Amino acid sequence: MRNRRRLLHQLAYYRRTTSKQDFPFSTFSNPSLVHSHNKCRAAETRRLQLAYLLQLSTHNKLISHPKQIHAHVLVSGLESNVYFSNVLLRCYASSGFLCYARKLFDKMPEKNSISWSSMVSIYSKYGFYEEALVVFLEFRRCCFGDTYECILASVLRACAGVGGDNRGDSIGKQVHGLVIKVGFDQDIYVGSSLIDFYVKGGEIDEGKGVFDCLLEKSMVTWTTMITGYAKNGKSEKSLQLFNQMMETDVVPDKYVLSSVLSACAAFEFFEGGKQIHGHVFRRGIEMDVSVSNVLIDLYMKCGKVQNARKIFDLMIGRDVVSWTTMISGYMQNSFDAEAIELFFEMTSSGWKPDGFTCTSILTSCGSLEALKQGKQVHAYSIKTNLQYELFVGNSLIDMYGKCNSLANARRVFNSMTDHNMVSYNAIIEGYARNNQLSEALDMFYKMRLKRIRPSLLTFVSLIGVSAALSTLNLTKQIHVFVVKLGLFSEIFSGTALIDAYSKSSSIPDARLVFDDMKEKDIVVWNAMIFGYIYQWENEEALKLYCDLQLSEQKSNIFTFAALITASSHLASLQRGQQFHGHLIKMGLVLDPVVLNSLIDMYAKCGSFEDACKTFDSAIDRDIVCWNTMILTYAHHGEAEEALELFERMKELGLKPNYVTFLGVLSACSHAGRIADGFLHFESMLRFGVDPGIEHYASMVSLLGRAGRVYEAIEFIEKMPINPGAVIWRSLLSACRVSGDVEVGKYAAEMAISMDPTDSGSYAMLSNIFASKGMWEDARSVRQTMDLNRVVKETGHSWIEVDKEVNVFVARDRTHDTEHICSLLDNLIPQTELPDSVPDNIALIVNG
């Protein structure tokens, strides 16, 4: 508008100064002079009109094509006028016609510094930085040095755009020298461009040097320097500079506020972001939507979800970025239900989510296994043609995989026209989660055929399914791939391999992987400790913990949960109490994971009182904690307390689950409370729990322990699911208690027919025969075991002496056997066997 008013004033002035009264009478009395004057006046009028049109077309884009004006310039014979050519250059540039601008520039018979500066600026604006530098070098050779500030600033922007190119860096520093030489080092425009050049090149200190030398600084100068610190990972420096700016007369605008807040968000610098928010609030600065969006992002990345929601709710004007940032923040902080709710609120309010919004909400749907909502988002993506976006398709595959809807995941994958590494990782992970090994390997094979390089996540997924299925050969093959691609040093791959080898009963291989890893975090240590415990090598787990204490890593709750489990397996109360003491000192004793492990450890170590005290000391008890205590009461024969605890749990509003009913039915079985057992068994469906094989086994045990073995057989025959060996073993165990030989033989036959390799059924039947003095039958069962090559699991016993756990097994030769046997030889003669041999002695003799 300013240019337009200036042109109008020029036209008015021209009319005033060229009126009839301004010329002598003799001039108008001479026709030739009047004709000449009118001709000049018309030419000048056309020139001003063309200048006015060019200005309008440049600033307001009123002309559909600048070539129309260019044609008028040529017709008017003004093509050699530098002013018109320069305005035409800007007109072509603003319309995006760079080729026409260059042609015009090359044909200009005369160029001034503005011409050269315009051409450099045009190339820089559209990202043709190399061309901009070439034009500048041509300018230097032509020695146009009348006006420098515009072209210097433009060429510095080009040097900054070239980035890490050595040529751009060299020219930029030469330009800096030229700036100082010609005396433009205090020019704000040139100075800001110099700062931008150094900042984008990563030379933040040189940029700060230029910044400090400027006597006068504009908002652009401050913003460039603050943003530079932020992008170079120095958020604290960025905040310090922002505080210095606050002491000047420069008022921060939305750009500088957004820059410094983005710096705080990138490095989760909550305190700095909170200070800036407070400044905005105190100064009464209007919260621009972009500033509000960055504040939401900051609070979300710092885990302050409620603060972010308050800003979102107070926003008068929101855009798609506001909704997307809020939904994405909910997802990143595991507020998945809130993310889904906000997404549907967004659509119902008339907003159209973009691909990024859909990606975030699909991740939340996958985390919650919310298949219905995920399908709704899928339908929306189809309606808005977003399903063709590669990242949206990948998110759909991931969501369906996590929701166990692999058919839909595969359909999405097959419908995609293009696949990348993420696409294959998502579908392989989906198959791996559901232990579909052949499909996962088939997708991996296709991935290799397409020459898509597998990533670390690809191998972690394959190693995970290999671990779940205990396929040792596959684990070794994947291990070779990982080493071949140079991914072995990654912590994630090492951890996954340790887990896979441990679950495949190959602890030595797991330990080799552990020892070969140069870098180990606490997750790696925990994986190895859990691997030892998984294979019941609890002593090795405790030894590894001693090595952990000598390392730089600090134990976490999962470490102690594993160590407490090892202590419970060894029935080492003293070790368990030591770990309990460590947890109290670290303030981790109230964590649910640790609490449950402690209760289980005290119960298995026979310290029932300490288990009760630990449970009573818990402030926040989850369902696992209640289940652990109910099972503890049940296994110690405290059926009344177990059932009372179950009622208390329901009164507090906790919903019992699969494991809860195992504890309750076990308590009823130990106490012989048949009526209560059937009552609780029939109530399971009301709580949404389908009875499993373990629940049916508990009911069989309940009937068998009460001597109602025939009712137990009838119950088994009426089961809606096929009874497995565990059901018949439960009946066999009950027959051992009740002494029913016939039913015991029948139950053993059924169990052995379903699982011929199970030594437990043979051992229990042999014990039944031995308890009745049927030694031939007992010996016959043992012989059958030998013929069928069924190996009885070796029994263990242990004792803790001088803080060291000593483990003994049958035919042990690892200890001081001769000394132990000599002591036994001295003790045996002093032992007088009674006439009636107890059952347990008979078992030892015949075992």
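Quick reminder: no glycine exception, Cβ is built from N, Cα and C everywhere.
Since the structure is predicted, the reported quantities are computational estimates derived from the model, not experimental observations.
Here TrEMBL flags 218-252 (among others) as repeat 'PPR'. Mean model confidence for the repeat 'PPR' (218-252) is a pLDDT of 76.
Within the same chain, residues 289-290, 292-293, 296-297, 299-301, 303, 305, 308-309, 312, 360-361, 363-365, 367-368, 370, 373, 377, 380, 384 sit at least 6 positions outside the repeat 'PPR' (319-353) and bring their C-beta atoms closer than 8 Å to a C-beta of that stretch. Annotated repeat 'PPR' per TrEMBL: 319-353 (among others), in sequence order.
Counting residues 6+ beyond its ends, the repeat 'PPR' (420-454) has Cβ neighbours under 8 Å at 390-391, 393-394, 397-398, 400-402, 404, 406, 409-410, 413, 461-462, 464-466, 468-469, 471, 474, 481, 485 in the same chain. Among the features that TrEMBL reports, repeat 'PPR' is placed at 420-454 (among others).
The repeat 'PPR' annotation in TrEMBL covers 591-621 (among others).
As annotated by TrEMBL, repeat 'PPR' applies to 622-656 (among others).
Annotation comment: TrEMBL describes 657-691 (among others) as repeat 'PPR'. Beyond its flanks by at least six residues, the repeat 'PPR' (657-691) meets 623-624, 626-627, 630-631, 633-635, 637-640, 642-643, 646, 649, 698-699, 701-703, 705-706, 708 of its own chain at Cβ-Cβ distances under 8 Å.
Counting residues per DSSP class in helix, strand and coil order gives 28 helix, 0 strand, 7 coil for the repeat 'PPR' (657-691).
For the repeat 'PPR' (591-621), residue counts in helix, strand and coil come to 23 helix, 0 strand, 8 coil, using DSSP.
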